[in-house]
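One structure below.
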């Protein structure tokens, strides 16, 4: 994985008054950010103050690991990862194929100590999806659980070491029994080892994202980029998100998703808060945990906000401990905000906006600040501090002023280093001046608040998950009765987003049905990528270059909906 050494484009100097570009910055003052530490040391920098405090609370068992426990166990695991048979070194890659669990957190920071990167994957993914990511990321170690282990490619077991966190199984190592022995002879990785394995621009997290177009790609997030992103949110005298060590943060969102990994796990650890870890989301169980542990901070996504807003049971629960509800991954309308706040009148509800490639947070609601600002319903915050944001005309590239919608671009040390082994996609996303082009259309109003209004990019967003049309199209055309295919998103409720819809051109004489197409895809992809509707057409509209004309398909879809 030597290409992870490719350099992030250098940031241009901050714009001056004479610059023709219109650049927006945070209302909060920039701060000094220590982003040259290894990520694990940065997140645990307050360890001497919080060592005895709860760090991870297992929502299923009630078990508690203190900050001292998490530090000790992650050091022990790091030492085990370095030893045979794993032999992990700087530049290596570990796949974390886990639901939320204490083991997820320990694995992530152990890999950071070794100088390796963690590529996070959804354990509900199909075998094909997992195998593709394993191969693309170059992972040599997989830390997983029995429910996902059977999905791993059997032919790669010689080159792949599998570690299970739950049951013992032939051919696999056991997380606790084989790697985490507590006998005195078992070494702990020390801070002095960091100097041997660390550079702030080394990759530490390798989530997969489809970006603005195409197939999933490895997003190279470095120690520097992630520590910068965390600092932008929770560091300084007046942090953008006013968290503190007395907070109890709910982790109901999957840690394999960058929102949870960064804003819940890393930010929570940075401030010394307790994190209540939910293995699997369930609305009743979530409300139980809020009551039992007096949760104060609840990072959610719009579908969960909607579920709480519509839940009759929520009114009978004591959710009064919650003081802050962060919503991200998809836009949310005012009617849902109002219905939700009726259930939690004592909480502040606000939205943020992110993109995996941006580290991921671009903007955050300033009502969460230690010294809060008034904010508007429907806004997704203002740009984070120590960063620059501009709105450009998608056709001309010219920067636009306030209240003019255009493509959102972000620049700062929090953005990705690039896409793994894909310089062309990197070049198409981060320009020569260091601006990351998001593919989202939005505007900045007179109060510096950002509103998302449309999507320039092809990616479909369903319940906060990314669905890449190109991935589904590549699968569809492998069917012997499909001559050509294209996939677009069909907007349903704003809080849910879009569903994948396929336009299919059948081979001559084919009797292929809509159910045939749906079932063919469903066997190969995770649930949120399933095709929900199929329309048969004579041919797929394409430009002379062969590029699918998705605007034409969206017009056809709109016409079909009107006819229905």
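Every residue, even glycine, has its Cβ placed from backbone N, Cα and C.
Lifted from Swiss-Prot, the feature list:
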type	residues	note
BINDING	209, 210, 211, 212, 213, 217, 351, 352, 356, 440, 455, 547	ATP binding site
BINDING	259, 263, 329, 351, 352, 356, 364, 457, 461	(E)-4-coumaroyl-AMP binding site
BINDING	280, 463, 464	CoA binding site
REGION	282-351	region 'SBD1'
REGION	352-419	region 'SBD2'
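Separating the Cα atoms of residue 351 (ATP binding site) and residue 280 (CoA binding site) is a whole-number distance of 23 Å. Counting only residues at least six positions away in the same chain, the Cβ atoms of 217, 219, 357, 419, 425, 429, 439, 457, 459 sit under 8 Å from the Cβ of residue 211 (ATP binding site). Counting only the Cα atoms, the space from residue 464 (CoA binding site) to residue 455 (ATP binding site) is about 14 angstrom. Residue counts for the region 'SBD1' (282-351) under DSSP (helix as H, G, I; strand as E, B; rest coil) come to 34 helix, 12 strand, 24 coil. A helical conformation is recorded for residue 356 (ATP binding site) in the three-state DSSP classification.
Taking the C-alpha positions, the distance from residue 455 (ATP binding site) to residue 463 (CoA binding site) comes to 15 Å.
Other Cβ atoms within 10 Å of the Cβ of residue 259 ((E)-4-coumaroyl-AMP binding site) number 22 in total over all chains.
A separation of roughly 15 Å, to the nearest angstrom, links the Cα atoms of residue 463 (CoA binding site) and residue 352 ((E)-4-coumaroyl-AMP binding site).
Listed in sequence order, the binding-site residues from 209, 213, 280, 356 having a Cα within 10 Å of the Cα of residue 259 ((E)-4-coumaroyl-AMP binding site) are 356. If you take the C-beta of residue 280 (CoA binding site) and look for same-chain residues 6 or more apart in sequence within under 8 angstroms, you find 99, 100.
Around residue 352 ((E)-4-coumaroyl-AMP binding site), the C-beta neighbours below 8 angstroms that are at least 6 residues distant in the chain are 263, 326, 327, 328, 361, 363, 364, 365, 380, 381.
Averaged across the region 'SBD2' (352-419), the predicted model reaches a pLDDT of 96. DSSP assigns residue 280 (CoA binding site) to coil in the three-state reduction, placing it in neither a helix nor a strand. Local packing around the binding-site residues 209, 351, 356 was summarised as the count of other Cβ atoms within 10 Å of each Cβ; on this measure the leading residue is 351.
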